[in-house]
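Student: This is the structure I have questions about; it appears just below.
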C-alpha cells in the first residue's frame, strides 16, 4: 500500500502529547505526498494542523483497528510501535482490570496495588497442564511453561523477574514459587515446598524495607533454584543473594524505614523473652528513626515477627539460635545509639564510661566493653618497622561505628541465607532445576550513587542476554518455517558493558583508585574523564566535575562520584573484627571466623549450584577485595547460570507513584517500558514479520475476500496464496512458510480494512433490500388499516344518528314524567309544611300553660319547706338552752356531795366499821388450820401401811418381769414398727382418697374432652379420606411432588453422605500414600532372593481402616445400623434424621424404664407372696381399672387426633404444590407414593400396638392397686396377731423349752416377713409420692396449656412411651431370634452328626460288588452353593480376581465373579465355618484393592470391579435374612438366605470399598476426558463458518507443544460424545446398576461444565458471540445424547446450567439498563465475579460489534452487590457429588448360575 492510501480520510493516528505521551487523532483530509501539514481532529472534536517534515516530524503512527485493541499479546497488533503498546496496556489495565499481558516471550505485569482473587488454588489447577497460548496471560502460565519445558526438554529453566521498586517483583516471584510448590509438591514428608515458601517471610524481614516508592521494597537481589527429581517433584532449593543495601542499616532518607526486622523487634520488646534485649520504641534508636516515620499503614510489626519466628522454626532454626539472631540485631540498634564525644583538639574523641548503649551492645554480643570502647575511637597503623595506634576524629569514629554496624548485619544476613540453604538441601540427587531471579530493575534518581551504578550494570548484562535470546528465537522461527530472512539489526549494549567492566573500565579504575593510599573520589572522576571521554556511552556533565554520565540502554544516568570509593572499599577495622571473633557467644564468633564460608560451601550438596560470591581464604584478602569486584564476579556466575538455562521473562510495571489502585500514569509506564526491554522486543518483532497466521485460520478469517471459484479449490494453502497475490502486490510484504503466513507490519490492518469494506458493502446491500421489504410491508399495512378505519367510521356515524333519534323520543317522555313529579312533590311539600306549623303552634300554647301551673306548684313546695325549717330551728335552740341549764345545776349538786364525803372519811367511826369484817375472817382461818393438821396425821399413817404392802408386791412383780422380759422383747419392737406402719398407711390412704377425688373430677372433664376429640376425629378422618381421594385423582394426570421438609431432609442426607464419602476418599488417598512409601522403602532396601510376607498379614486390618470381625460377635452390632439395614437405604434416607433426633430421648427413657421395671418387679413379688390372702373389694378395683383405661384411652385419642391433623396439613400442602407444579419427575412421584404406603402401614401397626399397650397398662395399674390393698390387709393381720400373743402370754400356763423354740422360730419368720413388707411398703410409698408429684406437675402444666398445646403435649408423651415400648419389644424379638439361631445351629450340627453316623454304618454293612452294575443317576437339586477347600482359597482369589479379564466373562451372566464369591460364602455359612467366611471376605477385599491399584488408569477394569463389588454387596443384603431386603425375593431365594452369620459389618466394608472404586472410576474417566473438553466444547467448529478467527500473538504462534505440522488435530464434539457413549456402554455391559451409571454420567457432565467454564473465564479469545452460539449448540448435542440414552432424569443436564448461562451471557445485548436487568435475572447460576469477568473478556470479532462499556459493567455490579454468594472465580474441578448405592436385588436364582470352563474353576463343587 502507498502512503496516500494509508493516510487517507478517516484514518486514525497517534500524535505526541506532553501530558499523555501519545494522543489519538483522526485524519479529516486526505494526505498527499509533499504536504507539510496533516489535518487532524482530536477526540474532543477540536481540529489540529500537524506539521510534517522529512526529518523533524515524520508521519504520525497509525492506530490499530478496534478489533485488535485489548489483545492479550502485544505482538498480535498489526502496527507495532510505542503508542500502540501503551494504549493496549492501558485499555487492558483500566477497562478490563487485566494486569498481565504478553509481549512475545515477555510477560508484562502491572502492579494493581490491590489484592485480586486470581491466585487461588483453583486458578493454579486451571493453568496446570495448559499450553501457554491457550489461556489468558498470567504468572502461573509462565511458571507452567517453565515446568513443562523442563519435563519435556530435560533442560533447566529460569524465570527472570525485574522491574522498578514497587512494581511487584517480589510478589510475582512469590506466586511463581507457590505454583511450583503446588504442582511439584514433594512426595515425601519433608515438606520441602512449604520450607521454600517459608523462606519468603524471613527474607522479607531481613532484606526488605519501606521506601518512598514501595512499602515492602526488596533491597537485595536473589536467585532461588528449586530442584526437582526425575519425577519432577521438588526435592530441595538453594538461594543466592546479590548486593545487599548495607547503607540502609545506618541511613534512611525521609519517609523511609530501615529493614523490617528492626521494627518488628521494637514492636515486640514487651514480650518476656525479649526483656533481655532492653529495647524500647523504634523512635528511641538512631538507626530506626532517621526516616521520621516508623510505621507502615496496615502493617502490624508485632504480628509479622510472629510469622518470622514461625518460618525460622519451620526451617529448623533452633530457639536458642533465634534468640542469638535477635540479640545481634538488637546490638546493632544499641551500637547506633553509642555517643561519641569529640575532644577539644578535634583530632580525637572518646566514649563516656557510663554509656548504657555501649554496655548493652557488648553484653548482647558477649565481648569486652573496655576493648570495644578503646578501638571504637582509635585505629592501628601497621608499617614495616613498627605499629602505631592513632586516635580518630569524631567523624572518622562515627564512620567506623557505622561501618561496623553494616559489617555485622551483612555477615548475619549471609549466615541466615546459608542456614536457609542448608535446611532446603536434600540428599536426593537433583535431576533438574527451575531458577527464579528476583532482581532490581533499572533505576535513576535525582542523586545516583554506587548502588544505582551496580544495579544498572546488572540490568545491562541482563538486557544483553534478553536481546540475544529474543533475536535467537525470532531467527529460529524463520528457519523452522523455511522462509528467506535477512539479519535483523538489534541494539547491542556490549560497548556499554565494556565501558563498565573491561580493562581500565569504570570498575577497574575505581579499584585502582581504592588501592592508592590517599585516593579520592575527585581524582577518580578526573581519571574517568581522561580515559573515556571519547566513548560513545560516557559523557561529562557540563556543570560538574564530581559526576559522570553513562548512556545505558534505557536512558542516560548521571552518577555522583561522592562516596564511590568508600562504598567500594567497605572498610572495617581489623581490631574491631578481632574483638567480635573473641565473643563468648559461639554464633557471634562464627560469623567472623576466617574460612567460614569456604568450609560451609565445601560440603557436598546434591544441588549443583555455584556460590554467589567468591569466598576468600584470608581475612586481609577479604578486605582487599572491593565490593565492585565481588559484585562483578557474582554477576558473571549468574549470567553463566542463566545462559545454561531456558529463560522466561517477567517485566513488572509500576503504574503510578502514588500507590493508587488501577490508576495508570502513561509517562511513568513509558519510562519503564523503555527500561525493561519491552519496546526493544517490539522493535525486533516489527523489523521482521510480526504478524503470523496459520493457513486454516487465515482461510477462515478472510474467506469473504475470496471468489466463488477460489472456494472450489480443495487445497486451502493454494487458495491463500492466490488470494494474497491478488490483494497485496508487493511480494516483500508477506512470506509463505510451511505452516504459517508471515506478514510485515501493517499488512494485517490492511487486510482487516478490506474485510471490513467487504462486510460494509454487504451490509449496505442487505440493509437496502431489507428496508425496501419493510417499507412495502408497512405500506400494505397502512392501506389495509385505512380501509378498515373508513368502514368502521361510516358504520359508527350511522349508529350514532339512530341513537340520537331514540334518545330524543326518550327525552320527551322523561320531561313529561319529570314535570308531573315535580308539581306533585311541590304540593305535598306545602301540605306537610302547613300541618307541621299547626302542630308546633298548638304545642307551644299547651306548654306555656303547663309552665305556669308548674311554677305555682314549685312556689308552694318552697314555702312549705322554709316554714318547717324555721320552726325546727326555733325548737332546737330552745332544747339546747334547757340542756345547758340542767348540766350546770347537776354539777353544783355533785360538788356539794363530794365535799361532805371527804369530811366523813376523816372521822374514827369509819375505820371501826372496816375492822369488824376482818376479825371475823381471821377466826375462820384458824379453825380451818386445825382441821387440816388432823387430816395430815391420819394420811401419814395410812401411807406407811400402804408402803409396806406395796414393797412386797413390787418385789414379786420384779421377779415376774424378769421372767417375761425375754419373751416380750421381740413383740414390743414389732409392735412399735407396726404402729409406725399403720400411721404411714393411714397417711397413704388419706393421700389416696385425695388423689381419687382429684382423678374423679379430672375423669369427668377428660370424658367430655374425649367426646369432643372423638367428634373432631371423625371429622378429620372424613376430610383426610376426601383429601386422599383428591390426591389420587390428581396423580393420574400429573406427577407427584415432594414437600419442602422431604427436600430439606434429602439435602441434609446428601451433605452427610458427602462428608462420609470425602472421609473415605481421604482414607484411600492416605492408604495410597502409605503404599507408595512402602514401595519406596522396599526399593531403597533391596535384598536379593525371594521374599514372602507372613500369611497373617492378609487381614482386613492391613488394607482397611476397619477392625477384624469375629463372627461370634456379629450378633452384637449396633441397633441403629441394624435398623438402617433392615429398613433399606431408601427408607433410611427418609427416616434416619428423625431417628437420630429421638436417639437421645430414647436413651433417657430407657433408664427410666429400667428403674420402673425394678419397682414393678418388687411389687409383683410382694403380690405373689400374698396371693392367697383376701383382697380388697371388687368395686374399688373396677374403679381404678376404669380410671386407668379412660386416661390411656384419652391419650391415645389425642395422639391419633394430632397425627390426623399433621397428615391433613401435609396432604393440603401436597395438593397445593401439585396444583402449582405439573412437571415433577417420576422419581419424586415414587418417593411420595412410598411415603403414603409407609403412612398407611404405620397407622395399621399403630392401631394394633395401641390396643396391646392399653391392655398391658390396665393390667399393670390393676395389679398395683391390688398390691396396695394386700399390704393394708397384712398390716391388720399383724396387729391382730400381736394382740392374741399378748393374751396368751398373760395367761402364763405352759413354760416348756419346746414352746420357747417354737415361739422364737415363729418370731424370726415373722420378723423377716415384716422387714420385706416394710421395704415393699417404703418402695410403694416412694412410688406413690413420685407419681403424685408427677401427676400434680402434669395437672399444673395441663391447667396452663391451651387445648391445642394440650393435645400436642399428650402426643409427645404417647410418642415417647411408644418408642420406649417398641425398643423393648425389639430387644425381646432380637433375643428370641438369637436363641432361635443358636438352637437351629445346634440342630444342624446334630443332624449332620446323625447323617455321618448313618453313612458310616451303611458303608460298613454294604457288601462288596463282584460285578459292574449300571446305576441310573437321579437328577440332583442344587442349593446355590459352591464348596472349596481352605487351601484352594488363594487359587480361587487369583483366578477369579487377580488374573481375570473383563472380556473373559463378557458373554456370561453380568457380575459373575460376585455371584461365585457369594455362593462360596454361602457354603461357608452353611457349614458354620466362621474362619472360612472371615478369610474369604478379607482376602477378596484386599485382592480387589490390589487389582485396582495395578490398573488405576484402566476405565474398563475399574468399571468391572465397581459392578462386581456393588453386586456382592447387594447379594449380602438380599440373602441376609432381613425382612427389609427380602420383599422382592422369590420363595427359592428366601431359602438361600444365610443361616448362621450376620455379615452387616462386612456390608459396611464393601460399601466403603464401592465408594473408593466409584471415586477411582470418576477420576479415570475425567483424566481421559480432560484433554478433549476444551477442544470439543470451545474450539471445534461444530457449526461451520460460524467462528471468526482473530490475529494471534507470539504465544499462540509458538506454544509449548513441539509440533512440526501444526500440532495434533483438535478433538471434536463428536469425539467427546463418542467417548461418553463408550463409557456408558462399558458400564452397561458390566452390569453396573443404572442408578450408579447415572451418577457417573452426572459427575462427568459436571467436570465438562467446570473445565469449560474455567477456560471460558481465563481465555479472552473465546469470549465472543460466535463462541456463545457454538457453545449452546454443543450443549444441546450433549442434552440430545442424554435423552437418547434415557439419562435425562439423572440430573446431568442441570450441572451444565452455569455454562449455559455463560453462553447466553455472550449472546445477549449488553447496552441498556434493560439489558443489565435481563442479565441479572438470567445469570442466577453464575457469581458476580464470573459475570464481570466474562463481560470484561468479551471481544468483538468484527468491526460491527461493540465492546462492553465500563459503565454497563458497573451497573451490573451495583445491581448484584447484595447477592449472597461465594467469591470464588473458578468452578471447583475437584468437587465430587456424594454417591448413593441403592439396593437393587437380583432376580437370578443362585442354583441357575453356570460357571464357564474357561475360568478354570474345577476345584469348586456345586452343592
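Along the chain as shown, residues are numbered 1 onward.
Cβ atoms are placed via backbone N, Cα and C, with glycine included.
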Student: Among 984-1004, 1005-1025, 1026-1046, 1047-1067, find the range that TrEMBL records as region 'Disordered'.
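Tutor: Range annotated as region 'Disordered' by TrEMBL: 1026-1046.
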Student: Quick one: sort out which of 1160-1185, 1186-1211, 1212-1237 is the region 'Disordered' according to TrEMBL.
Tutor: 1160-1185
Student: In TrEMBL, which of 892-923, 924-955, 1084-1115 is labelled region 'Disordered'?
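Tutor: Checked against TrEMBL: region 'Disordered' maps to 1084-1115.
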Student: Can you work out which residues elsewhere in the same chain, 6+ from the ends of the region 'Actin-binding' (635-657), have a Cβ less than 8 Å from its Cβ atoms?
Tutor: 89, 93, 103, 105-113, 139, 142, 145-146, 149, 153, 155-169, 172, 176, 213, 223, 240, 242, 435, 437, 441, 457-458, 461-462, 465-466, 469, 609-612, 663-665, 668-669, 672-673, 676-678
Student: Of 163, 168, the binding-site residues given in the record, which has the fewest other CB atoms within 10 A of its CB?
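Tutor: Ranked by other Cβ atoms within 10 Å, the binding-site residues 163, 168 bottom out at 168.
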Student: Can you tell which of the binding-site residues (165, 167) has the fewest other C-beta atoms within 10 angstroms of its C-beta?
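Tutor: Fewest other Cβ atoms within 10 Å, among the binding-site residues 165, 167, is found for 165.
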Student: If you take the centroid of the Cβ atoms of 163, 164, 165, 166, 167, 168, 169, 170, the listed ATP site, which other residues of that chain have their Cβ within 8 Å of it?
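Tutor: Counting only non-site residues, the set is 111, 214, 217, 218, 441, 652, 654.
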Student: If you run through the region 'Actin-binding' (635-657) with DSSP, how many residues end up as helix, strand and coil?
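Tutor: Helix, strand, coil within the region 'Actin-binding' (635-657): 9 helix, 8 strand, 6 coil.
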Student: Is it possible to list how many residues within the domain 'Myosin N-terminal SH3-like' (8-60) are helical, extended or coil according to DSSP?
Tutor: 0 helix, 24 strand, 29 coil
Student: Including all protein chains displayed, how many Cβ atoms other than that of residue 164 (ATP binding site) lie within 10 Å of its Cβ?
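Tutor: Residue 164 (ATP binding site): 25 neighbouring Cβ atoms within 10 Å.
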Student: What is the one among the binding-site residues 169, 170 whose Cβ has the most other Cβ atoms less than or equal to 10 Å away?
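Tutor: Max Cβ neighbours within 10 Å, all protein chains included: 169.
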Student: Mean pLDDT over the domain 'Myosin N-terminal SH3-like' (8-60): what is the value?
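Tutor: Average per-residue pLDDT within the domain 'Myosin N-terminal SH3-like' (8-60): 86.
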